[in-house]
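A.B. asks: Sequence annotations record features per position, and here TrEMBL assigns transmembrane segment to B:18-36, B:42-62, B:82-108, B:128-146, B:158-177, B:197-218.
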Amino acid sequence: MNPDPRPTSVRPMHPMHRDLRLTAVGRRYGIRGPWVLRGVDLAVAPGTLTRIEGANGTGKSTLLRLLARLDAPTEGRITGRPRTAYVPERFPSALPFTAAGYLTHLGTVHGLSRADAARRAAEWLERFGAGAYAGTPLTRLSKGSSQKVAVAQALLGDPELLVLDEAWTGLDTAAREELERAVAERTAAGGAVVFVDHDPGRLAGMPDATYTVLDGGLRARTDGGSPPAGPVTVVVVRGAPGGPLPPEAVRIALSTEETGPGGHRLTVPVSRSDVLLRTLLTARPPWHVERVEPAGAPPPDPGSRP
Amino acid sequence: MTALLRYQADLLLRSQRWLPPVILYAVFLGVGVQSGQPVLNSLGYTAAALLPVAAWLVRVCVTGEPPAARACVAAARGPARAHLACLLTALLAAVLLGVAATVVVTLISTPVSDGHRVHIAPLRAAAAGLPVVLACASLGAAVGALTSHPVLRSTGRAVPALLLGTLLAVVSAGSPAQAAISGLVTGSRTGRAHIALLPPTVAALCTAAAFAAAAWLAGRRSP
């Protein structure tokens, strides 16, 4: 089915051997329906964050459904089948499970053992501040809490490709920030993330690529994609003199600067600072973190969470 | 696949949407089967009544999962496999129901042929009846799979098609279910409980084809 089993040359540590690739993809509904998308070429590489923009009804959701392989293209082809998780725009409450029961089922569907699935379900609910609702039937959850379940469902299997269709909508502030951190962790761990969100400031400065869906086609947005529009954090670290920074850390950071023998200053978006610190502290040999401080825009409490 | 089946089975059980078809089956049997009647005749009725119930169970399973929840599962395992798990769960439920009904009907019926002429051992009768019940369960599931999402997407067309499909599967000559049922009825008349394996095999093949087609289509048609 996949004529494209490329050897894993990019990142030997990470499991996604095949990147997802759309070639001249078109989709329309019905035999004579209008084309929703046409001539779309897109590659989603491991470890990248991709943002899809576009006005309402332009086909963003259709594109995400194609990426998640929920839907097949009318023309063109899609290759690569990473382990995928999908967060729908609106999560239904009409399921006869408790939050923890549903997540345990979904965890096993994502390939975890039952015990692992139950443990990770509890962990993710806790992370999104919904730990108290673990035993609550989904039918009795508020819209925001259901959305937390929807997001937890996608994250608990450590997917190689995470597709988020306005996943932030309905979440409270703390959960929104948590989801941004989770996305940063996923990309740092070598997973690909594709998202649509109405908020232009969402994960600002982080996407490796931004595309706009316009008139059924897909355009790469090159302007203003990379400068850090969001708040950034400065991390000062020290390692063995002359030793290079871990390549992973360099990739996560917006900029790095050598301050002396073994000393480095890294600038990183706030949402990625946790991931950067983890990378540095778990590197071999480990790096000593001297200082974490806000920079640029006024972030009150970088690096830690409320 | 085990995880998917467990999820679907739990969904079916907890949703309680299995109740109406099961009650319908109980009513069918309550009306058509009375204790003390010749066993093969009653088993034939038991099997025939199961066919529409199996089709309805498939419809219950396919329509029971909200589209967004279905998308979450389909992203993880592919839409085809997710849909197949849904169909298999319904088939399994129908088979369990049929086996339970076969046991009960065998126990309460009189082990004789029509007119009480020939004795038929209850075990032999059950062995002859079970393949017929299985043929009806699987053919009913096939009709259900071909008359619900993603093959027929509007309820207005799907429900009449389901009713017509089950009727044709029970009565039309050439249907494996009809052949199996009439085999039992003939056996009840002659007093020979013949274990026929051809109809259930043909029914199983039909079901495999119907399930494969529906699952394939699930990956190509958006909701």
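Please read every residue number as a count from 1 along the shown chain.
Glycine is treated like the rest: Cβ placed from N, Cα and C.
Walk me through where these features lie, including what they touch and how far apart they are.
C.D. replies: Within its own chain, the transmembrane segment (B:18-36) has Cβ neighbours under 8 Å at 12, 42, 45-46, 49-50, 52-53, 56-57, 60, 93, 97, 101, 105, 108-110, counting only residues six or more beyond its boundaries.
Same-chain residues lying 6 or more positions outside the transmembrane segment (B:82-108) and placing a CB less than 8 Å from one of its CB atoms are 1, 4-5, 7-9, 12, 18, 22, 25, 29, 33, 35-36, 39, 42-43, 46-47, 50, 53-54, 57-58, 60-62, 65, 70, 73-74, 122, 125-126, 129-130, 133-134, 136-138, 140-141, 144-145, 150, 207, 211, 214-215, 218.
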A.B. asks: Verify whether three or more Cβ pairs under 8 angstroms connect the transmembrane segment (B:42-62) with the transmembrane segment (B:197-218), leaving out any pair fewer than 6 apart in sequence.
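C.D. replies: By the criterion, they do not touch.
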A.B. asks: In terms of Cβ proximity under 8 Å, which residues at least six beyond the ends of the transmembrane segment (B:158-177) contact it?
C.D. replies: 47-48, 51-52, 55-56, 59, 135-136, 139-140, 143-144, 146-149, 152, 198-200, 202-203, 206
A.B. asks: List, by number or range, the same-chain residues at least 6 past the transmembrane segment (B:42-62) whose CB is under 8 A from its CB atoms?
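C.D. replies: Beyond its ends, the transmembrane segment (B:42-62) has Cβ neighbours at 8, 11-12, 15, 17-18, 20-22, 24-25, 28-29, 32-33, 83, 86-87, 89-91, 93-94, 97-98, 101-102, 105-106, 109, 125-126, 128-129, 132-133, 135-141, 143-145, 147-149, 158, 162-163, 165-166, 169-170, 177, 180-182, 184-185, 188.
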